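Presented below is the structure to which this report refers.
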Amino acid sequence: MSEFNLSHGIEPEFEQARDEIIKSLTESTVFEKNPDLKKCIPVIVEPERVISFRVTWEDDQGNCRVNRGYRVQFNSAIGPYKGGLRFHPSVNLSILKFLGFEQIFKNALTGLPIGGGKGGSDFDPHGKSDNEIRRFCQAFMTELHRHIGADIDVPAGDIGVGGREVGFLYGAYKRLQQKRDFGVLTGKDTRFGLNGSFIRPEATGYGLIYFVQNMLTYLNKDIKGKYCAVSGSGNVAQFAAQKLINLGAVVLSLSDSRGALIVKDPSKPFTNEDIAVIADLKVRKGSLEEIKDDRFTWLPGERPWKHLPKVDIALPCATQNENDANDVEALVKAGCFLIAEGSNMGSTDAAVQKMEALRVAYNESVKSGNPVAPLWYAPGKASNAGGVAVSALEMAQNSQRMTWAPERVDQELNNIMTNIFNESVDNSATYTHEDLGSVVKSSAQKTDATVSALPSLVQGANITGFLKVANAMKIHGDWW
């Protein structure tokens, strides 16, 4: 990577995301087959525009409060900037650049015409009244409205920004712009003619499970009865758990920033009723430690990965770098064979390297005729792309001045996640240096009798997204 003369040690989260993409490309045959694409790297890793601004707002005591607001408009090669707004005290430019950079390739993977961006503020909504959150959202939009629009930049929700906040933001935008530009924000309410999309709240969690189902099909396995460890308890985790329960899987855990809630007996797992209780709890910014149920054990300050004796599937759905190499080791000892991220960059670089090494070891065992237990990893830019996919479908509905039926949106989501999986498998097989032997391109070509090596979904997703964006940039004259 030194040949690209890139900075290190300044913005750690962004540099981790950037270096993962470059590693996937340099360790594949992409640059051997397309040497000109190397020229794109110094261009694609720089945002087209970074907007930073102060946000002054009034708390309930009449005090003037100040936060920092940001919007990183990273890449618009294949469509308007698209990505969420995060309100959390950890927000800084490095985190937003990492999220915006990941968003470029995630959005490209969906096959929909959307570019990549991200924004937010270091504002902490926890402990704030509804009135304080409303006043903050209105103050935030006082500056942001100058830089967004349905064909320019379309924000959505993220951590700390749900349907309530999107409503406040859109109301402020409408007043400031003096027009109803329905497509300027996604994640809007579906009630009262507010032009949201059905399945948008569920989309990231549901899409994650649809992606996992494709992985399981490739492995000749079924999701029913599988023991699933889930982290997080926000929107993604809740709907991922709900979909797992409805498909007959066993949900063993959820977590939040204060600790992990795990089942004592897998025969008494989380139910849809439990998920509904947790959803209500999270709306009022409560913690899972408030749940008093003899079926569960509360582990303060812990993540669930090291505390479950048997796991088949692990789904990090909380935040970045929540799954480290030691967690991977513990999960493998518990029998885990599949890890798919519902969070963005949910695994540390060391964890990714360990998971990829275990995948390679499995492939070698397949070639020798004595397959060992596999471990297959799906990165968030592929497996959690369902949320932004349905956001783009919401944009399409807004352009048509129509609302699609939930069944149509859900089927479109399922199709998009299947296409992402198949393209990632195909491009990994096409551009890898590995001898995959009996690898079969795309799950559509699999048969029950096929025993296949496992392609790298990390490499496949990164290559697929990069090729789409880099070639579009060249056509536009962004590099030459």
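Note: Cβ is positioned from N, Cα and C throughout, glycine not excepted.
Unlike curated records, TrEMBL annotations are generated automatically.
According to TrEMBL:
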- K82, Q103, K106, G157, S391: substrate binding site (BINDING)
- K118: active site, proton donor (ACT_SITE)
- D158: site 'Important for catalysis' (SITE)
- T204, N235: NAD(+) binding site (BINDING)
Inset, instruction - In whole Å, could you give the widest CA to CA gap in the substrate site formed by K82, Q103, K106, G157, S391? - result: 16
Inset, instruction - Measure from the Cα of K82 (substrate binding site) to the Cα of every one of the recorded positions K118, D158, T204, N235, then give the nearest. - result: K118
Legend entry - CB within-chain contacts under 8 A for K118 (active site, proton donor), separation at least 6: R71, V72, F74, G83, G84, L85, R86, L96, K97, L99, G100, Q103, D158
Inset, instruction - Measuring Cα to Cα, tell me the gap between T204 (NAD(+) binding site) and K106 (substrate binding site) in whole angstrom. - result: 12
Inset, instruction - Specify the count of other C-beta atoms within 10 Å of the C-beta of K106 (substrate binding site). - result: 28
Inset, instruction - Mind giving me a neighbour count for K82 (substrate binding site)? Other Cβ atoms within 10 Å of its Cβ, every protein chain shown. - result: 28
Legend entry - K82, Q103, K106, G157, S391 excluded, remaining Cβ within 8 Å of their centroid (substrate): G83, G84, N107, I114, G116, A156, T186, G387, V388
Inset, instruction - Fill in the CA-CA distance, S391 (substrate binding site) to N235 (NAD(+) binding site), as an integer in Å. - result: 15
Inset, instruction - With an 8 Å cut-off on Cβ-Cβ distance and a minimum sequence separation of at least 6, pull the same-chain contacts of G157 (substrate binding site), or say none. - result: G84, L85, G163, E165, V166, G187
